[in-house]
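These features come from TrEMBL:
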DOMAIN    28-82  domain 'P-type ATPase N-terminal'
TRANSMEM  289-312  transmembrane segment
TRANSMEM  342-361  transmembrane segment
BINDING   D407, K408, T409, E506, F547, K570, R601, T681, G682, D683, R781, K787, N811, D812  ATP binding site
ACT_SITE  D407  active site, 4-aspartylphosphate intermediate
DOMAIN    834-1087  domain 'P-type ATPase C-terminal'
TRANSMEM  868-886  transmembrane segment
TRANSMEM  898-918  transmembrane segment
TRANSMEM  948-970  transmembrane segment
TRANSMEM  986-1006  transmembrane segment
TRANSMEM  1018-1041  transmembrane segment
TRANSMEM  1053-1072  transmembrane segment
REGION    1096-1119  region 'Disordered'
Amino acid sequence: MARRSTSSDQVNRRTIYVGRGNMGQPGTAKFPDNTIISSKYTIWNFVPKNLFEQFRRIGNMYFLMIFLVQVIIDSPTSPVTSGLPLFFVITVTAVKQGYEDWCRHKTDNVMNNEPVHVLRGPQVCTEKSRDIQVGDIVRVEQDETFPCDLVLLSSDRQGLCHLTTASLDGETNLKTRTALPQTAHLSSETRLSSLNAVVECILPEPDLYRFSGSMVVIRDCSLGEGGPVDRSAAQPLEQDSLLLRGASLKNTKFIYGLAVYTGMETKMTLNYKSKTLKRSVVEKSMNKFLLVYLGLLVLMALISTLMQHFWYGTLHDYTPWYRDMNKSHLGVWKSLKVVTDFLAFMVLFNYIIPVSLYVTVEMQKFLGSRFISWDPALAEPQTKEPAMVNTSDLNEELGQVEFVLSDKTGTLTENIMVLKKCSIGGVKYDYEDGKLLPSDCMDTTDGPPLNSPPLNTSLRDPCCLIRAAALCHTVHISECDEVDGPLGGRQTKRSLPEYYASSPDEKALVEAARGLGVIFLGSDNHQMTLDMKGDEERFEILTILEFDPIRRCMSVILRQPDGEIWVLSKGADSSILPKVVSGELQKTQKHVDDFAMLGLRTLCFGMRRLTQKEFAEIEECLRVARTARTDRDRLIEEAFASIEQQYHLIGVTAVEDKLQEEVPQTIVQLGLAGIALWVLTGDKRETAVNIGYSCGLFSRDMVIHSFTSEHPDGLRNAEVALGLISPSELINGVQDVQATNKRADTPHGLVIEGSCVAKLLSDRPRLQAVCQRVSVVVCCRMSPLQKAEIVRFVKELPGSPITLAIGDGANDVSMIQEAHVGIGIVGKEGRQAARNSDYAIHRFRQLRRLILVHGHLYYIRIAELVQYFFYKNVCFIAPQFLFQFFCSFSQQPLYTTMYLAMYNICFTSLPILVYGLLEQHVPYQLLEHSPHLYTDIANNSWLALPAFIYWTFLGVIHSLIFFFGSYLLFNPDSGLVPSGETHGQWTFGTLVFSVMVITVNLKLALDTRFWTWLNHLVIWGSIAFYIISSFILGSYLWPMFKRKNMYRVFEHMLIAAPTWFGASLLITLCLLPDIFQHALRRQLYPSATQRAQLEEASYRSARKSKLRMSNGDRRDAEQSVPLDSITAAMRWDGTAHSCPRV
């Protein structure tokens, strides 16, 4: 039984009562059951809820208002003309969302009906997962998944269990969870059924790595046994007691757990929340264009309304003769007539706003994103796991990236750690082949290697650091096959342990200690066992202070076999060294700097002895802090600080993390594409700078400016070197201005330390000026929130550049979510970054293909799609506007209702959709290896104002040709029309519409460079469908309608010989200038992309000629064009020509 506590001091906590006693508070609300609901809709609310969501879009609401206006007023067009396209768009979107939600319902039903084992009285019953309630005791067996969030009560391993959270965060290593001693021995159903306890814990929250609470065992006795009630003090519950839904039990036969969060309150479910909405630059441009065209629509309606009332007001009696009105009624009637006429013209011209644009863009993004997942070059090389696309709304944003902000460890590096060096007692050692050798004497004949017995416990002995590395960690083991042979210098037949760790640093150190003969054999029942050259030693684990990014260290309190109590700590030098009171501090600090210069990751080890009295005080302080109801985090922080101090310095370890393959080449190519790379890392300055040199960010001729706690004047020195201020403006006699003597073209780099970020960001204009002048920025000692602050700072630089953040760990999630585009690396630090990113890849080098190929093509495709949509709608509506000058502004439509309804849906939408999915104006391989082509699309050039004006002007010109060309050619005086024959209005409108449909489709055909059978099908099929449908409707179906104004009009137009000549002439007049314009631009002012196209075409032509002339082996004929020869022939000159289109 479980009830909520309503006490005022329990606002942020929940109380769960376990057992048979009547301890609950009556009248309180129940907790939810374990039902999972990931669906958005039910069968009852689907229609109203989906319609409400869709009509929140401005475009859909606009067309709904137009439809209502057509219904209410005497509209010049049928409500079908706007209602049918709107109905189509709404229906397609509803069907898509309904299908997706139906799939979610099916998944929910499977999960909610899974069988689970729940303790009911003294028996375990099988029930459905959805029936679990908070306070139930659940049994989970090996390899099963936890059905809800449980607090571990007991297991077959005396309160210990192992689990994997791969489905939550991607970490495949085993994690250990520990039950409280008060419940760890309750491993039978009978004993558990007699448990009475009260659990208090924090309210549900999505943070997978935060949990706190307390448990009070009220009664603990076997069923039927008597005895006094055991009222123990509250014991703290931490993250290491929580079993999350979705995790799987491993290497443990069974566990019993108490359900604390169920259903929609489990942490896994709470993490299903939607990410912050990100809008791409293309979407913002599209919205601006819509506003412009909305303004044009209002302008056309206003002009037509004024012209109509001017026409009727001056040439005719304004009011009907049959209506007898006084002056007041006449004024009201005229005002109302002006409003209704304005609305009628708005209806007549409303198709300048493309109703199908939204659904087409949505389909293009959704379907286009599949190409990223299908690209084998973006898959994991060994497992072939594809790249992940978590959002399809930012595909084109990949083509506009200006800044890449990257994590270092696991992103630029392999995140495979190997111990290389260490410092012990002020002496440096190298780790080679399982031996520690003094760095200044690598010859093993100079002395015994430090893996030989005997081992003593002197603090200055290297063994102390080795043993500290084997004890101070949270590594777990899994037994492997037995090995027969030497292990750590002795013969053994013990099974070789395989280590699992959430931190690769810890795993590297424990494996190195094993190689040196100090073997960690595992931990069980709050004890840790070491094998030291054949002698097993057991250490009692008194408490573990887990690592956190604020303290930047972790500690373990152990009781040695001789009874002594130690605090062993390891962490960053900035966390450990300031707290050292004894040891070789100065030498060790120098060694830390030396290791960092080699690009190695350093960890400092310190120790502190505690008396029994000191430990008792510490234990009580920790218990009070961990069970506190208010200010718990602050109290725990203070308790940790009181423990982690007054260290004796043991030594330093240095592990190597190698660069990933092709990292320097990728960085160079991104630079050639005009993309700046910043590195944000938590490592030391020296490590970060060394990695900067290794991966090619820093060059030897580059001037590096540092702004750190040791160099507080670094920013001002950089300002002087970059010419932002003169040396005379320096204050306090700063001396370090040597960079001012460098040549003006010398590259500059900036190194920023995390401790100085707040100060720098308080003076943003100065920092912005420096960052815009330097070539590279490396930020070290960065916390997760500081990384996000730097990303936000870059986003606020002048010009609002598009940022991309890439990382692989949980500490990178903040910056990934802050950037315009977030890329997660599926790495060894788990999948938190991948799960919270927009896209997830496996290697840093794949970023090159993602940006230079997919980003480039997606931007080109959607930019052309958006511009083409507005172009074809200008072609559609401008003749309608021109026709009003010939029909006395009577609101008479030029086109029939069928054409108005089907133009955007059936006759012109499919070709541009297929173009937006398949177009490749440059081959994949050439784009990837010619990064300068990326500059042709920089700064949103294809959707900039010149491109917008070009497409709008093109639409106006073509519409003038459609209208006036048809008017002049088919005038009775033109000589093309048989004597005495006159074409009616519907024939004229049909001719204009026919020329328009064919022209806009052929215009897209001219722009298409990558032809597939699908392109041919939709382009020629759309034209054919228009002709066939018009013929059938006009000749056979139209007579069935009440109005027969289109009866045989299309047939009559087709059989007239002048129609074919006139239509061909008008289509040629529209497209010929466009052909000449493209040809002249390619010859006289080609962009880098156009030069690449010409070179690629010439090589293809040469290859075909060679194939025709050659009678040799066909395998030579099948070889592709040498990429190097194409890129070399282009000889990019470094200039980028922004143009409306290629």
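Note that Cβ sites are derived from N, Cα and C of the backbone, with glycine treated the same way.
Keep in mind that what you see is a predicted model, and the values were worked out from it rather than measured.
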Under 8 angstroms, Cβ to Cβ: which one of 342-361, 898-918, 986-1006, 1053-1072 has the largest number of such pairs with the transmembrane segment (289-312)?
342-361
Six or more residues beyond either end and a Cβ under 8 Å away: which residues meet both conditions relative to the transmembrane segment (948-970)?
289, 292, 867-868, 870-879, 882-883, 976-977, 983, 988, 991-992, 995-996, 999-1000, 1058, 1062, 1065-1066, 1069-1070, 1074, 1140-1141
For the transmembrane segment (1053-1072), could you work out the same-chain residues 6 or more beyond its ends whose Cβ comes under 8 Å from its Cβ atoms?
957-958, 961-962, 965-966, 969-970, 976-977, 987, 990-991, 994-995, 998-999, 1002-1003, 1006, 1031
Hey, which of the binding-site residues T409, N811 is the loneliest by Cβ count within 10 Å?
N811
With Cβ-Cβ distances below 8 Å as the criterion, list the same-chain residues six or more beyond the ends of the transmembrane segment (898-918) that contact it, or say none.
77, 80-81, 84-85, 88, 351, 354-356, 360, 363-364, 367-368, 861-862, 864-865, 868-869, 872-873, 876, 989-990, 993, 997, 1000-1001, 1004-1005, 1007-1008, 1010, 1012, 1014-1015, 1018-1019, 1021-1022, 1025-1026, 1029, 1033, 1046
Structural state census, the domain 'P-type ATPase N-terminal' (28-82) (DSSP three-state):
27 helix, 0 strand, 28 coil
Residue numbers, six or more beyond the limits of the transmembrane segment (342-361), whose CB comes under 8 Å of its CB atoms:
57, 59-60, 62-63, 66, 69-70, 73-77, 82, 85-86, 88-89, 92-93, 286, 290, 293-294, 296-298, 300-302, 304-305, 862, 865-866, 869-870, 872-874, 876-877, 880-881, 891, 893, 900, 903-905, 909, 912-913, 916
Can you tell me the three-state DSSP label for T409 (ATP binding site)?
coil
What is the maximum Cα to Cα distance, in Å and rounded to a whole number, among the residues D407, K408, T409, E506, F547, K570, R601, T681, G682, D683, R781, K787, N811, D812 annotated as binding ATP?
24
Helix, strand or coil: which one is G682 (ATP binding site) in, per DSSP?
coil
Around F547 (ATP binding site), how many other C-beta atoms are within 10 angstroms of its C-beta?
18
Look up R601 (ATP binding site) in the DSSP assignment and report helix, strand or coil.
strand
Mind giving me a neighbour count for D407 (ATP binding site)? Other Cβ atoms within 10 Å of its Cβ, every protein chain shown.
28
So what's the mean pLDDT when you look at the domain 'P-type ATPase N-terminal' (28-82)?
79
Going by DSSP, is N811 (ATP binding site) part of a helix, a strand, or coil?
helix
Secondary structure at F547 (ATP binding site) (DSSP, helix/strand/coil)?
strand
